[in-house]
């Protein structure tokens, strides 16, 4: 620990690493700097010491100035006399100080933020890559005007606006634009060697997610091929690629790198390529190359560098923002909990998980009383309370409404579920001095990767959680069924898609049965027989579970009315009864929709009888009562079917609205043998008369039963004893035979 302390102190002290590093890097920088002799002296094609000075300032701030001043003195006092060397050193230090002070004032407190970020790119381009080189070249020109330095055979020029100065200025711009980040990362890695691994990992993270090793290898091979062609210029003058014409062809490859491989990889590789190109310049640049040609080439490389680095920085920033947006989309911003997207992603990573579903339906009522903040605070607090009992890698997920989901590891989940259940029941929220402790339903199941029907699975678990509210224990979704949960969900989804496809294509077979009127006003009851591909019947409860009740009812209405319209000549004045689900009756626009179908097929409302199964919803919900009233006002008769299947219906009859009342077949079939059933039918007939409702008796299988029902006052008779049920298409042949 003491050694680390002294190392850190040495790296921060102005007399330590900030003083030594410029002395170590100056020989390398001057050696890699490239100059070319011309008639008036010599010019630099790339000048690296200035980039090294700025990089030292970026790392050490003003503490690097003593080291820079010392290395300048050691370098120039060996090459010039006292006065010219002092002027050059002062000009260099002054330009660096002015440029660095302006940069810090403009950048503010984030001046030392990570180099390469797009937030400070404009400021760094302005001060470090443009104004500092401009100040440097102007200060050097002042030194040249002073007359203390020679002009012939040196880098100095007696006039400002010459090709000599332009080439030197472009070399400074190019070095500051491309080489500062190389020196910056090199100095930081020398200061902290562990940063090398961080830079390597950061380079991989900045690349596009779809980048493969084959793509990087292909890019490297193409770059190497162009370099080999350029370096073979003196051997093959006829090949355009083996000349300076091949130099611009590197630009598309570097743009490829900028778009795909990230800023760090692109900037470092481009800097290495530039140094390599200039070090081996004699392979594609002859000694007699004109200065104007050099200026054009230098300007092209400068524009290439700016374009490449900007594109790399922007592309990397866009990928980072997209990744951040995707990460943000995995959490609910209100509850600060992972959402369903995060749950789906986490389930895809682990082969076997335990899902726990928590349902707090009382939160809906409580949030209406105390406000939505109660629901938010309760779910947040419950998630935090349960989070203390979770293992690493497990999580609580937010669901819309009043539900939560917990994902557990499979190992030892039975004991964990008991612990979580106990912790869940012990939780309560203090809200405005009142303890909030609603009942929580809990269900769980195991799932294997891949989970293809997550939403349907959560629906199954929600139903089991509601059952848990009644039993008071955690319900296992797999306990009462030997099939795996995901297989059952997949089968339900397949059945759902099969029903939708059948309704949209050929449909299901419709069957019809004659209902005999005592006064001769017969009508026909239409039913549908639904079965899956295996021949198993599809139950009404399954349609309600899938939410397809209205889809089926709408299809039946259209098919029935289309049949009446098609055969109106063969069936003049006929009436048909269609049974609808109770949930369909609760549609606010049901009467208008039926009126639209009647107008479409040019039928009268009295030709349609709407049958609805007896349900408490008919008297307990406003929509059910309103729909019945609207249908009756439209002119359609409304029949209440399955009446008497529950004795609670007997007491609800006085408040029931409708035109016809159908007595359940279970009473009718046994009325001659059971006096109790007989009395129930008799009482229902009397009560129906008092409500001005006609009576339909179902399940009539003999003439004796039919005669007795006539005597009790039944208006319509239906059953095998009256008429057999047959396919709807056969009805035309039967009526013609009659």
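Along the chain as shown, residues are numbered 1 onward.
For all residues, glycine too, the Cβ spot is worked out from N, Cα and C.
Under the heading transmembrane segment, TrEMBL lists 41-60 (among others). Outside the transmembrane segment (41-60), and at least 6 residues removed from its termini, the chain residues within Cβ reach (under 8 Å) are 14, 17-18, 21-22, 25-26, 29-30, 32-35, 67-68, 92, 96, 99-100, 112, 115, 128, 132-133, 136, 151-157, 164, 167-168, 171-172, 174-176, 178-184, 186-188, 191, 274-275, 278, 281, 291, 294, 298.
According to TrEMBL, the feature transmembrane segment maps to 80-100 (among others).
Feature annotation from TrEMBL assigns transmembrane segment to 125-145 (among others).
TrEMBL lists 165-187 (among others) with the feature transmembrane segment.
The transmembrane segment annotation in TrEMBL covers 216-233 (among others).
Under the heading transmembrane segment, TrEMBL lists 253-280 (among others).
Positions annotated as transmembrane segment by TrEMBL: 292-314 (among others). Within the same chain, residues 36, 43, 45, 116-118, 121, 163, 166-167, 170-171, 173-174, 177-178, 244, 247-248, 250-251, 254-255, 257-259, 262-263, 266-267, 270, 274, 285 sit at least 6 positions outside the transmembrane segment (292-314) and bring their C-beta atoms closer than 8 Å to a C-beta of that stretch.
Confidence for the domain 'EAL' (492-738), expressed as mean pLDDT, is 84. The domain 'EAL' annotation in TrEMBL covers 492-738.
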Listed stretch, out of 80-100, 165-187, 253-280, that has the most CB pairs under 8 angstroms to the transmembrane segment (125-145): 80-100
